[in-house]
Structures are given as C-alpha cells and as structure tokens.
Ligand SMILES: Nc1ncnc2c1ncn2[C@@H]1O[C@H](COP(=O)(O)O)[C@@H](OP(=O)(O)O)[C@H]1O
Ligand SMILES: [Mg+2]
C-alpha cells in the first residue's frame, strides 16, 4: 500500500518506467546524432552554403592537401556526371528561373556528383566552410575517405605543406558546370570544379572535363599543371561568351572591339576559362577573352579565377573590381577574364553595365 492510501498497480509502474526510458532514449540519441553531424561531418548540410563556418579553434589546413583532395573530388564527381549521361536517365528538373527567365536546371548528374564531391572534401576537412551549388541531403550522407596520397605532379610543383587557418578558408564546389548543355548532350562544355579561397581570395582552382578526362589545376604563387598560350590577340580578340545566359554580351563585345571581332558562344564558365589557356584537349576551342554580362554565381567562376590568377591572368567584374569569394553566392557586375593582356586597359574600353541595361 502506498502512502495516502493510493494503490500502485505493478503494470502501471512498468508502463510508466518504459515510457520514461523511451523519452530518455529519444533525447539522448537525438543529442548524439547532432554531435555526430556537427563534429563528424561538419554540420547539417543545407542547400547553398553547407556546413558551419570553421570554428575559431578549427586549427590549420594544408592547402597542398586541399589541392590533392580537390583534384580527387573533381574527378570522382566527374565519374558520376559521365555515368549518368551515359545511362541517358538524367531526371532533368528545373530549380526555378534565373533573373533573365531561363530555366535553372538540375539533373541526377548534378546531384550525385555533388554528393561525392561534398562528402569527400567535408570528410577530409571537417572544419572548413564549403559552399556548393546543389542541396546536400543530410539523410544521405556518405563518408568517403581520402587515402592521404598527394599526386606526384602536385608534389613536384609544391615541395612543402602550405598551412593556413581553417577558419580563413572557403571552398566552392560546382558539381556540374554547363548543366544546360549537359541536358542537350553537348558534352565538351561540361566540367566539375573546386576552388579554395583564403580570406576571400581565390588561391587554388581545379577544372575537370569528365568526358575527355582532362584536369587543370593551379595554386597561386606555387604552381600549376596548365599554362597560358604563347600569344593572344588584344586588338581584335576572339571572345568566348555564354550560349545560354548571354544577355547583351554580343552587342557589348562588338561595340567595344569592332565588327571584326569573332564571338564564340560556348557553355560553362569552366570551359570558357580553359579556352584562354594552353589546353591539349582537342574538343577545346580557343579564345583571347571571356566576357559575361548577366548575374553569375561564385561556384561557377572561383576555380577559373584562381587558375587565371596563378598563371598571371585576371578575372574581375566588368568595371575591374576583384571578386571576393566569401559571403553572398552571386556576382552582379559581370565578368572580364584575360591573360597576358593589359586588363585595366580592357576595363577602360568596356561600357559600364548600366549602359548595357544589366544594372
Ligand atoms: N544569369 C545567370 N543566372 C544564374 N546563373 C547563371 C547566369 N549566367 C550564367 N549562370 C551559370 O553560370 C554557369 C555558366 O553559364 P554559361 O554556360 O551560360 O556561360 C552555368 O552554371 P551551371 O551549369 O553550373 O548551372 C550557369 O547556370
Ligand atoms: Mg556552374
């Protein structure tokens, strides 16, 4: 008999205890899962900027190792891109419209490449901020381990580790650049890209072409596996421009450089940067300048910016401003990319975006 004359039924006590245990288990397992996702894989990935900013005690990361993992991620993502394209089952969807009203497309190639690339980088570098074009599904995590091998060509160019604070790093992933062209089966334009920025400055970039298995990489002040061509035509340049997000770019180019100028419409920001370089891939067209006038995102351009910078070239807005690879995803001021040319003189020649109706 319980005090106050209340009688406890043994069954009731058992049910009550079980309920209590259930509540405790639920709370505790949720807590553990939270700890795992925060410290094991660096936070709950969401669309766009996934993962937490590296904490103040995040230590340092070696940029040479980051380059090795970035190359591996671009290649592994590229394998997914190729596999999906060859299966002919793309599951093409629209994520919405661009500001200009074009479909912003996504396919299984984008999603599966993104998953590989994101988790490879996140598992190797849990304390760095990773921004990626596609949504990362936190319920579909994959722990992909890096074997810690740095490829010979990287070791040859970069002899020593390059440590920087983890909290100063922002990684930008484009798991499939030229998605529009991918859906049209225009394979040569497609690339996968990784970029690492330190304090907003692009310091290393990787552009991989999955269908020709060509990879370009470079680290500012340290080396590259790609170089500039011997000469460029500054007077009547061949200008590579967007074929699916062109805006007024042709008019701007012809007005600035004259009617003799050749315009090369092409897909993909990665492809267009490679058009300025000495790339052995036969499917790669060559150009002297890359101009873009509509809005564009940082994962589309950061890797190309880092590579051009490492080779002595420039990528800026049309008014010549450097682009900072932290914070917001987008660039409003258009793009001008050049190498072995007087970049500031080109900027002075170009009309402002206000005059082209893009601002
Ligand atoms: N106005 C715009 N708005 C949004 N994204 C744009 C854009 N212009 C270009 N881009 C993106 O920049 C990349 C290169 O564009 P383009 O091939 O037209 O030069 C493509 O990336 P994705 O294929 O990764 O989406 C494209 O979607
Ligand atoms: Mg892109």
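Note: Cβ is positioned from N, Cα and C throughout, glycine not excepted.
Keep in mind that TrEMBL annotations are predicted by a computer and have not been checked by a curator.
These numbers come from a predicted model, not from an experiment.
Annotated features, as they stand in TrEMBL:
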BINDING   133, 174, 176, 177, 300  Mg(2+) binding site
REGION    86-106  region 'Disordered'
TRANSMEM  6-28  transmembrane segment
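Structure with TrEMBL features highlighted.
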residue : record              : CB count, 10 Å
133     : Mg(2+) binding site : 25
174     : Mg(2+) binding site : 33
176     : Mg(2+) binding site : 32
177     : Mg(2+) binding site : 29
300     : Mg(2+) binding site : 26
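According to DSSP, residue 300 (Mg(2+) binding site) is assigned to a helical segment. For ligand 2, the nearby binding-site residues are 174, 177; that is, of 174, 176, 177, these have a C-beta under 6 Å from one of its atoms.
Helix, strand and coil counts under DSSP for the region 'Disordered' (86-106) come to 2 helix, 9 strand, 10 coil. Apart from 133, 174, 176, 177, 300, the Mg(2+) site neighbourhood in this chain, defined by C-beta within 8 angstroms of the site C-beta centre, holds 110, 173, 175, 178, 179, 191, 192, 193, 268, 269, 270, 297, 299. Under the DSSP three-state reduction, residue 174 (Mg(2+) binding site) is assigned to strand.
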